[in-house]
Structures are given as C-alpha cells and as structure tokens.
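Peer 1: My questions all concern the structure below.
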Amino acid sequence: MIFIMKLKNLLPIFCFFLVSFSISSAQKCGKTGLFKPNDKYDINRHLLLSSLASNVSARGGFYNASIGQGPDRLYASGTCIQGSEPELCSACIDSAFIRVIKKCHNQTEALDWSSFNEEYPCMIRYSNRSFFGLLEMTPFFKNYNATDFQVNLTEFYQKWEALMLGVIADAISSPNPKFYGAGTGKIGIQTVYAFVLCSKDISPWNCSRCLRGNVDNYKLSCSGKPRGHSFSPSCYMRWDLYQFYGFIEYRASPTLPREKGRISELSDDGGKISTRNILGITVALAFFITVLLVLGYALSRRRKAYQEFATENDITTSGSLQFDFKAIEAATNNFQKSNKLGHGGFGEVFKGTFPNGTEVAVKRLSKISGQGEEEFKNEVLLVAKLQHRNLVRLLGFSVEGEEKILVYEYMPNKSLDYFLFDHRRRGQLDWRTRYNIIRGVTRGILYLHQDSRLTIIHRDLKAGNILLDVDMNPKIADFGVARNFRVDQTEATTGRVVGTFGYMPPEYVANGQFSMKSDVYSFGVLILEIIVGKKSSSFHEIDGSVGNLVTYVWRLWNNESFLELVDPAMGESYDKDEVIRCIHISLLCVQENPADRPTMSTVFQMLTNTFLTLPVPQLPGFVFRVRSEPNPLAERLEPGPSTTMSFACSIDDASITSVDLR
C-alpha cells in the first residue's frame, strides 16, 4: 500500500517524461491574408521555399531572398546554426518547408521554428511584406510541459534566468557573434540545458533584446512548468532537463551563481522528502523510465517500419511541389516544338515560362515507354532528397492521367555535350572552364556517394546529363536509373542493364554488377571526352583493332604522346601539368578491375592536392580486340550489324532503355 502511494506521488514526474517527447516543431500561419491555389503568389512561394535548403546550407546557415513583383512579391528567409554540417541544415530546412506548405497551404505569411529528427534546429519564414533586418518580437509563441514543477520556484528561476542570460551573452559575444548559444548548469539535483538562436539579419543588440523578451514572457506565462520553448519571428529559445540537441556543445554557464544549499524539493503535503523516500523515488523512477524507453523504442521501430512501408512508393510524400498540369501546359505553350530543349530515352524536355517570368525545364515522360512510370517515381523520390550546388534541382512534378511531368530548374546553357561535341561551339570551352566542370562534377558525385543522406549510384553519367548554368557551372541531371544503396551495401547486381554505351564499365555490361566504382568509370570517360572534345564512340578502327576513346588514350599514354589528345579548339592556352594530371586520373578511373579504381573522395584529393603522388594506371576496361564471331548481346543492344569485341557491348554511345541479361 505504501509502495502504491509512492507510485501515486510519482505520476506527475512520470507524466513529465511522457510529455517531454512532444516538442519538435512549431508552425504559425499568419492571418494577414490568403491566396488562391496555383496563382502567381503560390508559384512564387513554392519556387523560393523549395530552393531555401540548398541556399541556406551553402551560405553558412542563413539566406534571404525575394521573388516576384507587386502584390505577387514574396520574401523568404532560412536560418540554421552557423558552421554546422550543411547536410543537417539542408535536411532541417527541407522538413520545415514541407510542414509549412502542408499546414499553411494558402496563407500569405508563415514561419516555422523546428528541429530535424529532434537533433537540429532551424527556421524558415515567408511573407508578402519585407521583414529583412527588422526586429520582430511579436507575435510571441510558447510551448511547455503541462506538469507542475515540484521545486522551490523562487530559487530555481533565479538560477534559471542566470543560465539563460549567460547563453544569450554567448550568442552575441564579439567580435564575431554566432547568433546562437547553448549552455548547461546544475540547479539543485537537476541539470538544465538551454539553447537560443536568432535570425542573422538582425543586429547582436536586437538579438539580445529579442531573446531577453522571450525569457521574460516565458517566466510570466509558463512559471512552474518544467521544460519548454518560446519563439517570436526573430528569435527562438528552448530549455529542458535533457540534452535535446545532441551534436551541440553545451558550455557550463559562467554566470550561473554558485549554490549555497540544496533546493528543497517538496512533497504533496509541503514537507521535506526524506533520504529514504528520495531513494525509493529514484529506484521507482528508474524502473518507469526503463519501461518507458523500451516501450517507446519498440513502438517507434514499429511505427517507422509501417511508415517506410506506406510511403516508400508514394511520391506525394516526397516533399516536392505537385504542379497543376494545366499550369504546365500553359508554361510550355502546350508542349510546342519550338520550346523543345531535347529528348532522352524516356521522354522529351521542354522550356517552360510561368506567368511571373520564372523559367523552368519540363521533362515529359513518354507514354509508350515501358519503364516510364518506374523512372518517374524513382526520380521524384530520390532527387527530392538531394540538395547540392552541382546537382540540378527538382522543383516539382505533375500527374494527369497518363501524363507524367518533372519540373526542374532551367539551365540556360543546356548540357555539356551541346558545346563539347559541336565543332563551332566547343571553342567557347577554354581549359579553365573545362577544368572547373571536371571539379564541379567531382563534387557532385562525391556528394551522391558519400556526403548526402542517401548513398546514390547514378548509373548514367555522361556529357548529356551534365547541365550548365549561366556561369557554366556543372549540375548533374537525370536520376531516372539511379539507385539508392543501404549504408552497409557496396554493390548490387541487376538483370536489366540501363545506361549509355561508351560510359558503362565492363563488369556492368557483362554481368550486370554496379557500384560506386561504376560511376567512377563513367566519370573517367567523361574527363577524357572533356579533354579531347570528342565522343568516346568516335574512335573506331585503330591499327586493325576495334577501338574507342579509352583504347586510344591508353596507347598514347604508353607512347608518352598524351598531349596529342588535347582538343585543338583550346589552342595553346592551357596548363599542361593540369591536363596531364587529369588524363592520369581518368586512366585510374577506367581501370578494368573495379577494386583498382579510386573512390570519388580520392579523386577529389587527387584534383585538389597537386603534391599527391598518383599510382601507375593498370590496363583499362574495354581494350578491344578483333573477333570473328558476332556478339548476340551486342545485337540486342544496338540494332543493325553486330559489332565484334571482347565484351558484350556496342561501341556506340547511344542511350538504351534496358537489356535483359540471361
């Protein structure tokens, strides 16, 4: 009976731990006005907010911008922790974008202070009025635990406020304010953790004013509640009894007063709790926490498995904008041929212009393509989760009957092959531009293989899938045949080979095996094409043998006459050492044995560290020899007369839809 009474006394504490898992985000939709779905303001909102993740993470944790004119003009900003991992920042901004679009679906103003997976805080905000650089302390929002805190509140809040002020001072300390702070302190038997964050476009003084206002408002309205957070448009504050953001260093606050004695913890009747009772409470509480954690873990695993099963193939949960098909038709002038930019194995690409003047690239999947639906779903689900300056950005999609549309950011300079393989235009690609393209593509592939939340094998790297922005910066595109690897997965095998001839490694063509090293091989071929200025397939009969670009370069390398490779269109204005080093790296990438090929991380080091000694390249894949018998697989790959070679593939680099390996 006594034990049951003690358990009764523990229920408020037990409820506290239950409630403590609830704080993760807070979205506030403005009441200043509404807009109609798919009008100019709605389009501007999606276009600007969908680009926040990449821009905020690429600019050190803060970015603001506006888009549109007159009443359709929209202002937006994003805030992360300065100096934090770009991938965490990007993921948090992306999740906030998805939430605010869903909850504030037609409000002209909204903000979201949130955390990604309870591990990383960030903020996004948009409005139809300019708020850049303005201190805005209202409206004030709060969230707190409903359980009463059983402590001496006067003594507790004296030290709690000292901790908060110390954290605020850390956030605005000169000479380089961080605009965020984190601290911890011991108050009685409790360890308290605190965190603050300000929008970086306000001054340090205004940051302090905003946070102090939050502290005062919280004390007035949430006194006696253990844990909580409060925020206004310009700043955010959170405190709790556990280390809620695991990656942040919580410094012991220098302003926290030294304790003169223990804070008296009161029982329900107002008396002191004895040592024996404290021990009993501690044991019982430990038991409840253990049970809670076990149950919580089991339930979370079950819920996560169900959610993954339910959403794995649902593109509506991808976070991308679903455009109205009629808006796409209007933007492309009903897919008029004059707006056509090109075509691929699964459809055509058109230029589109929205009413606000925003230009986009619209990929219309072929209705008769056997793999079109799979390609479409794969591209939406993968690319929506990727954010990098060297990857083309997916703005959204549209589904209308048999029509399947992908909407991308528009690249005014089209693709690399548009310049590289045209005898007139390739003169515009000097060596510095080509070298920057090589380095940019390296960064993009490295992100796919190593630095993103997913491990992505592209499987179709080629000049036609490298788009160029207005400054000729490269962006990798076309993820229709890409595959996502598990964390512990290094390779996979497929019975259907997809990709482009001339770029596919021998183990993939012959056996359907692909891995990160498959992309490395394709990248090696791409480097050679950039240097030579010709397609890999343009090198045929060489000294009585069937050849390709890899064969040709290997022979010149062995003869030490590799500078004959250099595209004459570049003239003499190129760095010979850089060119030779790039040729050397490319030959390392196209080695026959995948284990001999470097990783993209190593390739990046080879390109950026000229003092790094490069190993001697071994025999590359696809060193062709004359063979009298026809190759049946090659006949299936490329219609027409069969091509004789030592591996089952065509020397043409035409794109293919699929090949069934038997």
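Using the three backbone atoms N, Cα and C, a Cβ is placed for every residue, glycine included.
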Peer 1: With Swiss-Prot open, pick whichever of N128, N559 is annotated N-linked glycosylation site.
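Peer 2: Per Swiss-Prot, the residue annotated as N-linked glycosylation site is N128.
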Peer 1: Where does the N-linked glycosylation site label fall among N106, N413, going by Swiss-Prot?
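Peer 2: Matching N106, N413 against Swiss-Prot annotations yields N106.
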Peer 1: Which of the listed residues, N152, N356, has Swiss-Prot annotated as N-linked glycosylation site?
Peer 2: N152
Peer 1: Can you work out the mean pLDDT of the predicted model over the topological domain 'Cytoplasmic' (299-662)?
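Peer 2: Residues in the topological domain 'Cytoplasmic' (299-662) carry a mean pLDDT of 79 in this prediction.
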Peer 1: If you count Cβ atoms within 10 Å of the Cβ of D460 (active site, proton acceptor), leaving out that atom itself, what do you get?
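Peer 2: Excluding its own Cβ, D460 (active site, proton acceptor) sees 25 Cβ atoms within 10 Å.
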